[in-house]
Amino acid sequence: MGSKSPEGHWQAPHASNSNELKPANPDPQTSQNGSGSADLDRGVIGDDDDDDEDAEENGVNTETPNVEKKKKRKKSNKKKKKKTKSGTLSVTELKQTSPPRVLVSTLFPSEYPVGELVPYDCTTRTTDEESRYNSRLWDDDFLPDYRQAAEIHRQVRQYAQKELIKPGATLLSIAEGIEDGVRALSGHQGLEPGDFFKAGMGFPTGLCLNHIAAHWTPNPREKDVILDKGDVLKVDFGVHVNGRIVDSAFTVAFDDKYDNLLTAVREATNTGIKHAGVDARMSDIGAAIQEVMESYEVEIDGKVFPVKAIRNITGHDILRYHIHGGKQIPFIKNNNQDKMEEGEVYAIETFGSTGRGFLDDDVGVYGYGRNENMSGANLRLSSAKSLLKTIDANFGSIVFSRRYLERLGVKNYLLGMKNLVDNGIVECYSPLVDVKGSYTAQFEHTILLHSGGKEVISRGDDY
């Protein structure tokens with residue numbers, strides 16, 4: 001989810017835009033434990049339980065020599081495990097349903113799939129003492145939580161790609177299908193106070209068509225928007241488990257005339273991932289992204305357009321329960337000398353456009369985010385006070401939409417919400433658009449910075 005810059009971040013919904021950078025997303029002990037930095041230092045290891053089975057298959061006698069074999073050994077009924085592409089093990093008896101409704105924790109009872117592991121080019125800089133320090137950056141639940149959230153994202157988005165995202169579908173049906181899947185696979189419907197904080201949506205599903213680049217979602221009682229075969233659709237949604245948010249996005253186009261646009265942005269995102277890592281500077285990452293993206297052009301209906309990196313929206317770091325931290329990764333050459341550090345989590349995303357490559361706030365509302373620095377102690381409007389209690393009890397710092405409020409049964413909230421926004425207690429986010437008639441695309445992955453390499457936690461077979 002793209003992030004606005006601090007200069008534009010606390011603006012009112014339709015405040016004037018400046019030429020400053022805007023981040024792309026708004027900020028408002030188990031058997032599944034994993035190590036913080038050791039996975040890449042020592043490699044991901046499998047389960048020793050299969051060693052005896054492998055030995056038997058190779059004709060090696062694994063029985064105690066002094067035991068006389070009197071009966072033919074019965075064939076073991078032990079369920080075999082298969083290795084996933086990432087090298088971890090999973091029981092393969094259970095399969096996901098369509099629509100997805102089987103808990104990911106049921107499908108992977110002992111260990112969640114690991115993301116794409118990419119060692120750094122030079123790992124000699126990491127001493128044993130540094131590795132021990134880095135392993136303490138993350139608690140025991142950090143990797144299991146992140147890997148569970150990533151697997152939920154993969155399964156839900158692949159279902160959406162196959163079954164939901166089709167010409168003629170309403171964007172509301174796509175959004176609800178994605179969000180129902182996330183809640184079902186996480187096991188938390190978020191209907192009781194506090195349940196939303198355990199697992200669920202990391203932010204509202206963004207479904208942005210054509211010149212709308214980011215921050216659009218269906219709202220209640222608005223006219224249905226129908227997906228057309230000539231549209232370019234950006235799908236951006238987040239999944240969290242215990243506040244560990246996986247932020248990943250992709251673009252769908254049914255007409256191959258947009259292929260170069262999608263390829264440019266996908267390759268630019270992968271370039272950003274390639275250059276990301278411990279001690280990498282934001283300026284270097286941005287320059288590399290821009291060079292790759294703007295090497296492409298796309299021909300649409302006989303006219304050739306250069307693909308432009310959108311310059312006032314950025315990638316960002318992710319903090320617990322906060323989709324946006326304090327660091328930004330522009331998609332263009334810049335002077336940002338901030339460095340990435342061990343233990344950090346980043347959303348590496350890029351947006352490309354056939355238009356100006358600059359976004360403005362549009363009319364409408366995408367969602368809301370609680371400003372934790374502002375108290376509601378001086379509120380006078382009773383509806384605003386009541387609404388703020390609902391927000392704090394059910395969403396906290398996680399961005400939410402009007403659909404989420406109505407799902408909780410909240411009614412007649414618009415006046416109270418306006419009061420909260422006017423007092424700076426809640427921030428309202430608008431859709432971000434390029435010029436009409438242009439087309440925009442987005443691809444995004446979440447990465448974890450281990451001491452020995454990076455883990456592209458949201459990587460899948462699709463992108």
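Think of each number as a place in line: the chain as shown, counted from 1.
Even glycines carry a Cβ here, placed using N, Cα and C.
Swiss-Prot lists D247, E349, E444 as divalent metal cation 2-binding residues, and of the candidates H211, H215, H316 the one it assigns to that same site is H316. Site annotation for divalent metal cation 1 in Swiss-Prot covers D247, E444, and the matching candidate from D231, D236, D259, D434 is D236. Here H324 (substrate binding site) is compared against the binding-site residues D236, D247, E444, and the shortest C-alpha distance is to D247. Between H215 (substrate binding site) and D236 (divalent metal cation 1 binding site), the C-alpha separation comes to 9 Å.
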